[in-house]
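A quick write-up on the structure given underneath.
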Amino acid sequence: MKSVNTIVDRRDGKLVMAHFYVAFIALAIGGLAGLLQTLVRSGKFELPSWTGYYQILTIHGVVLGLVLTTFFIMGFQLALVSKTSGTLTAKQRKTGWIGFWTMTVGTVMAAVMILMNEASVLYTFYAPLQAHALFYIGLTLVVVGSWIDGAALIMAYASWRKANPGKPSPLLTFMAMVNTLMWIVATIGVAATVLFQLLPWSLGLVERVDVLVSRTLFWYFGHPLVYFWLLPAYMAWYAIVPKIIGGKIFSDSLARMSFILFLLFSIPVGFHHQLTEPGIDPAWKFLQVVLTFLVVIPSLMTAFSLFATFEMYGRSKGATGLFGWLKKLPWGDARFVVPFIGMLAFIPAGAGGLVNASHQLNQVVHNTIWVTGHFHLTLATSVVLTFFGISYWLVPHLTGRVLTKAMNKLAIIQGVVWAIGMTFMSGAMHAAGLLGAPRRSSFSTYGGSEQAMEWIPYQVAQAVGGSILFLGIILMLYIFINLAFFAPKGEEEFPVGEVSDAAEKTPMVFENWKLWIGITVLLILFAYTIPFIDMIENAPIGSKGYKFF
Ligand code: HAS
Ligand code: CU
């Protein structure tokens with residue numbers, strides 16, 4: 001790590017913090033919406049007449065799943081590149097600001113439409129549910145803005161490469177590049193369905209929409225979307241947590257290899273969200289399920305590498321026995337403990353993913369609240385707790401403040417509160433899902449049916465968990481505001497891991513983008529061309545739009 005700056009330049013810091021402000025405002029709004037939903041679904045609470053369950057659910061999903069994530073990730077990646085590849089140039093920083101404002105304007109447009117109850121179509125905005133055109137335009141601007149932010153990152157990477165010919169780029173910059181490239185390739189799918197299908201249809205230029213094509217384009221994007229969320233957490237797990245605990249990165253090459261595997265295999269797998277969808281030949285579903293199991297491999301590599309880092313560190317401190325190293329980890333440091341809870345959660349979360357991806361088991365869980373349980377462990381625990389863990393040092397680093405002992409303690413409490421709340425909520429969701437409770441639906445006794453009665457105790461447990469989680473959100477917001485505005489002035493470390501001396505030298509082949517993007521495109525063509533032609537050739541007349549709100 002030759003060109004590591006000691007602190008991120010103030011001007012870059014402002015750009016990053018702008019992204020974080022939007023992300024944490026989103027956390028406040030989306031968290032409140034989530035609390036209300038769990039209360040409604042317990043059957044013990046009714047919303048006021050001027051709003052409804054699906055409007056609140058749309059706010060929750062869009063604001064947390066799309067807005068918080070995209071803003072936090074783009075801000076974090078800009079910080080990583082500025083730290084490890086050098087301060088952004090004026091042009092790069094300006095590009096970042098243009099990206100930020102484009103995303104912000106888009107967010108406000110989409111949010112206004114949801115608040116006006118013109119777009120209660122949930123975060124997946126499935127056709128034939130039809131939203132106001134401004135909702136689609138707003139989301140398009142969020143995506144376009146993220147591309148502009150991505151351009152700033154790519155420019156910064158390119159100038160580093162130019163200044164350092166023949167050298168592998170700094171690990172965290174490399175990782176941010178992979179995620180950005182994956183994001184650009186993936187968002188082409190959602191851009192296509194919005195621009196060519198949903199927008200003309202909601203403007204009334206065409207009457208009908210091909211639902212299968214639009215869902216297929218959505219999931220071409222929707223699955224890599226979840227890895228776009230996950231990879232920044234992996235960046236912290238691979239390359240930042242080792243430094244925090246005082247250890248070393250197990251292997252630079254292994255980390256790069258796993259990121260490249262994500263680039264290759266994240267995209268040609270969208271059909272695992274469409275396993276019950278008629279109109280796709282089972283042979284193609286099978287192929288994409290096989291590819292889904294391939295994309296599990298880099299996560300298993302990550303688990304291996306993390307265990308290796310922890311164990312190597314523990315043994316260097318004299319730990320013995322199979323799990324003795326666990327005792328040597330810094331259990332008093334929120335920067336470690338909070339992401340670690342995220343890692344732990346990812347073990348059952350990933351196992352649930354394997355269940356979902358198995359065609360036969362998917363028939364049991366699809367469209368049940370099990371799936372909601374799955375993504376509250378993956379996204380809303382593993383990823384989000386890691387983002388919180390990052391904020392605990394990155395926010396004070398950027399604002400020239402420090403994480404005090406008191407705040408560190410509160411941050412650990414925050415992580416524990418989250419773990420407890422999520423155990424109740426996600427656990428109950430998984431269980432109720434196996435009993436057939438549907439997702440994306442408000443409270444109903446379904447005419448007093450016996451089966452629906454079985455779900456109610458679990459729905460009450462979800463509300464208990466949801467309330468505890470809301471407390472966790474309040475704690476997080478309190479800590480964020482403290483770190484951004486009130487904590488004592490000082491210098492908080494930006495931890496960047498160093499590679500273990502025993503690791504092999506990193507080969508240059510990882511920087512061969514033509515090769516990796518070439519293979520990515522080939523795999524996408526392989527997995528999608530024929531089924532897509534089938535869909536177009538055998539297209540039904542399409543559906544008119546529905547507005548149930
Ligand atoms: Fe998923 C649905 C399959 C991962 C998010 N997923 C969703 C949806 C979301 C989502 C949001 O195949 C719902 C979309 C909607 O609205 O309809 N998912 C998978 C698979 C994985 C997976 C195979 N999902 C994620 C991640 C997400 C996410 C990550 C967000 C961040 N998912 C599915 C499928 C569906 C689905 C189907 C569709 C279901 C349906 O029918 O609708 C895999 O990537 C998971 C691999 C992970 C592992 C775990 C590795 C463990 C690690 C931790 C190590 C721990 C340590 C600490 C070191 C194999 C790295 C240890 C310390 C000790 C002391 C023990
Ligand atoms: Cu998926």
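Glycine is no exception: its Cβ is also placed from the backbone N, Cα and C atoms.
The domain 'Cytochrome oxidase subunit I profile' annotation in TrEMBL covers 1-485.
Sequence-distant contacts of the transmembrane segment (20-40) (same chain, six or more residues past either end, CB-CB distance under 8 Å): 46-47, 53, 56-57, 59-60, 63-64, 67-69, 71-72, 75, 103-104, 107, 391, 395, 425, 442-443, 462-463, 465-467, 469-470, 473, 476-477, 480, 484. Positions annotated as transmembrane segment by TrEMBL: 20-40 (among others).
The feature transmembrane segment is assigned by TrEMBL to 52-76 (among others).
Tertiary neighbourhood of the transmembrane segment (97-116): same-chain residues 15, 18-19, 22, 55, 58-59, 62-63, 67, 70-71, 74, 131-132, 134-135, 137-152, selected by CB-CB distance under 8 Å and a gap of 6+ residues from either end. What TrEMBL records for 97-116 (among others) is transmembrane segment.
Annotation source TrEMBL lists transmembrane segment at 136-160 (among others).
Under the heading transmembrane segment, TrEMBL lists 172-198 (among others).
Beyond the transmembrane segment (218-241), the same-chain residues lying 6 or more positions past its ends with a Cβ under 8 Å from any Cβ of the stretch are 69, 72-73, 76-77, 80, 124-126, 171-172, 175-176, 178-179, 182-183, 185-190, 193, 249, 255, 258-259, 262, 266-267, 269-274, 295, 302, 305-306, 309, 336, 339-340, 342-343, 375, 378-379, 382-383, 386-387, 389-390, 495-497, 524, 528. As annotated by TrEMBL, transmembrane segment applies to 218-241 (among others).
Residues or ranges marked as transmembrane segment by TrEMBL: 253-271 (among others).
Outside the transmembrane segment (291-313) by six or more residues, the chain places 227, 234, 237-238, 241-242, 245-251, 254-255, 257-259, 261-262, 265-266, 268-269, 272, 319, 325-326, 328-329, 343, 346-347, 350, 353-354, 357, 500, 523, 527 with a CB less than 8 A from a CB of the stretch. Feature annotation from TrEMBL assigns transmembrane segment to 291-313 (among others).
Marked as transmembrane segment by TrEMBL: 334-355 (among others).
Residues or ranges marked as transmembrane segment in TrEMBL: 375-395 (among others). Distant neighbours of the transmembrane segment (375-395): 16-17, 20, 64-65, 69, 72, 76, 79, 226, 229-230, 232-233, 236-237, 240, 334-339, 341-343, 345-346, 348-350, 352-353, 401, 403, 407-408, 411, 414-415, 418-419, 422, 425-426, 429, 476, 479-480, 483-484, 492-495; these residues of the same chain sit at least 6 beyond its ends, with a Cβ under 8 Å from one of its Cβ atoms.
The transmembrane segment feature in TrEMBL is assigned to 416-436 (among others). Residues 38, 341, 345, 352, 364-365, 368-374, 376-377, 380-381, 385, 388, 451, 454-455, 458-459, 461-462, 464-472, 475 of the same chain lie 6 or more positions beyond the ends of the transmembrane segment (416-436) yet place their CB under 8 Å from a CB of it.
Tertiary neighbourhood of the transmembrane segment (456-481): same-chain residues 20, 24, 27-28, 31-32, 34-35, 37-39, 41-45, 388, 391-392, 395, 407, 410-411, 413-414, 417-418, 420-429, 431-432, 435, 437, 443, 445, selected by CB-CB distance under 8 Å and a gap of 6+ residues from either end. What TrEMBL lists as transmembrane segment is 456-481 (among others).
Highlighted: of the candidate stretches 52-76, 136-160, 253-271, 136-160 has the greatest count of Cβ pairs under 8 Å to the transmembrane segment (172-198).
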